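Enquirer: Reproduced below are the annotations present in TrEMBL:
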TRANSMEM  233-256  transmembrane segment
TRANSMEM  298-326  transmembrane segment
TRANSMEM  332-356  transmembrane segment
TRANSMEM  368-393  transmembrane segment
TRANSMEM  399-421  transmembrane segment
TRANSMEM  459-478  transmembrane segment
TRANSMEM  490-511  transmembrane segment
TRANSMEM  523-546  transmembrane segment
TRANSMEM  561-588  transmembrane segment
Amino acid sequence: MRDRRKVMALTNLRSSIGLLICFAITGVLSSASDHKFKVGDPVPLYANKVGPFHNPSETYRYFDLPFCSPEHINEKSEALGEVLNGDRLVEAPYKLDFRVDLDSKSVCKKKLLKEDVAKFRSAVTKDYYFQMYYDDLPLWGFVGKVEREGKTDASEYKYFLYRHIHFEVQYNGNRVIEVSARTDTDAVADVTVDKEMEVEFLYSVKWKETAIQFERRMEKYSQASALPHHLEIHWFSIINSCVTVLLLTGFLATILMRVLKNDFVKYAHDEESAEEQEETGWKYIHGDVFRYPKNKSLLAACVGSGTQLFALAIFIFILALVGVFYPYNRGALFTALVVIYALTSGIAGYVATNFYCQLEGTNWVRNLILTGCLFCGPLFLTFCFLNTVAIIYSATAALPFGTILVILLIWTLVTFPLLVLGGIAGKNSKVEFQAPTRTTKYPREIPPLPWYRGPVPQMVMAGFLPFSAIYIELYYIFASVWGHRIYTIYSILFIVFIILIIVTAFITVSLTYFQLAAEDHEWWWRAFLCGGSTGLFIYGYCWYYYYARSDMSGFMQTSFFFGYMACVCYGFFLMLGTVGFRAALLFVRHIYRSIKCE
């Protein structure tokens, strides 16, 4: 009867995950536009947001600046991922009908008050840009310019607001292919001094025919990352990573395996002359190496959460490789992250509870709650703080109450039930731990070890090699996430990810062997910490990138960068820690299964 319930629980869990994965894939694919137009048909143009060019998280609604606005601002309904991305699309005051040219058409004549002039000057000073979407194609432009030529004193600078936007649109048949916005540097309004003024905002539209097919219209946005110069750097990153893997693999093959072989021969000889020679090295602690670790509930929760994040990464890579995350598919990545994380919570519950029960844990419900809060808890607290900051700044990064409610419903109706189902399935499918040696009643004393065999030096050594294999690629990822570059070479990124996993597993196995050879049997947590230490290196790189490679500034942008990157690096810590621990566990089981221990 128990087996039947176990099979039914697993079947329901798999079917739920399958259905929701289909929902996630169709959800992120549904945002693609395939509009066909006739001459004179209105084409949707939406103004999205404005903000400082160097602070990607600090964006505001388009009409927060006193542009020409209609009496009733029509907002576009947005998907979950678009809201998480900070998109707030509203109907723009410009009318770009299909294949209708316009020359210096007036949008409005607006009287700017002193406060309005001050807002525009502040925007020009901070290098504000605006973003719009025309038939789901992005376009950008700057709000104004600062005239600094021949002036050394900042008080002498001149600030100008652009009044005229030239739209250039390319079409093929009945479809829009490409769009760009160019501001007229001659049609400007001087906003240097706070004084009332009347400004006329203008725009013009020029249509051109192109031979580019509709299916290829997004290639323009991915060409920059696929230029030969950038590809050379990406391939250099791959070669650098492969050399690291080869060196590490060679080290394991020539040193570690030879040492193990000598150990096996030595221990086989010692078994024949056991009375003449005392056991030494890693065989000496065979009665303690499988002694369950301290805080085993926390370790099981870490392994469960790390396994879930690893599965999340694999699913995201699958969607990226099949072309779901094409450039400016608004919110597709955030939608996929939220939905797939909810779907994979069953994996975390199953792995954590199953492993906890293998370690003879009794309070599996508490372990399940710990697993559910281990990653979501810090992420939720970070979100609450940063969302409060965004609300104070009136930025678009502040999530509306409705969106927060949707996320809470997803966690309540999908994440938590799947976590519980996975935990029940993991508890019911519990098997023995399968330790190849018997554990003694009392633990042996660990001999004094040199300082470089301590946890912190070992973590530094364990994290440096995997980080050195990925640091070149990290710059492009950061420039894409925290800048305006576009990252589209997901195949190379996937190769780097696989190399990262391999290097993490190899270095953790190596350090675990040296720890056991020094007769230190407390390897469980050490293996997890060494595997996850790469996440600490990545967070250290965040500080270098922020202060040396970017121009980000301000409290809001700083808090968003370090807050959310702390959550990302914490996720890497759990995921890579799980990879290192699993590799070390397989290795330890293998070597102790290969010898006879009394």
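A Cβ is built for glycine as well, from the same backbone N, Cα and C atoms used for every other residue.
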Enquirer: Count the Cβ pairs between the transmembrane segment (368-393) and the transmembrane segment (298-326) that lie under 8 angstroms and are 6 or more residues apart in sequence, then report whether there are at least 3.
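Expert: Contact criterion met.
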Enquirer: Cβ under 8 Å, sequence separation of at least 6 from the ends of the transmembrane segment (490-511): give me the contacting residues as numbers and ranges.
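Expert: Sequence-remote neighbours of the transmembrane segment (490-511) are 234-235, 237-238, 241-242, 244-245, 248-249, 251-252, 256, 313, 317, 320-321, 325, 458, 461-462, 465-466, 469-470, 473, 477, 526-527, 530-531, 534, 576, 579-584, 587.
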Enquirer: For the transmembrane segment (459-478), find every same-chain residue at least 6 residues outside the stretch whose CB is under 8 Å from a CB in it, and list them.
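Expert: Result: 225, 230, 233-234, 236-237, 240-241, 244-245, 248, 485, 487, 492-493, 496, 499-500, 503-504, 507-508, 511, 529-531, 533-538, 541-542, 545, 549-550, 576, 580.
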Enquirer: How about the transmembrane segment (298-326) with the transmembrane segment (399-421) - do they touch, taking at least 3 C-beta pairs under 8 Å (6 or more apart in sequence) as contact?
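Expert: Between the transmembrane segment (298-326) and the transmembrane segment (399-421), contact is absent.
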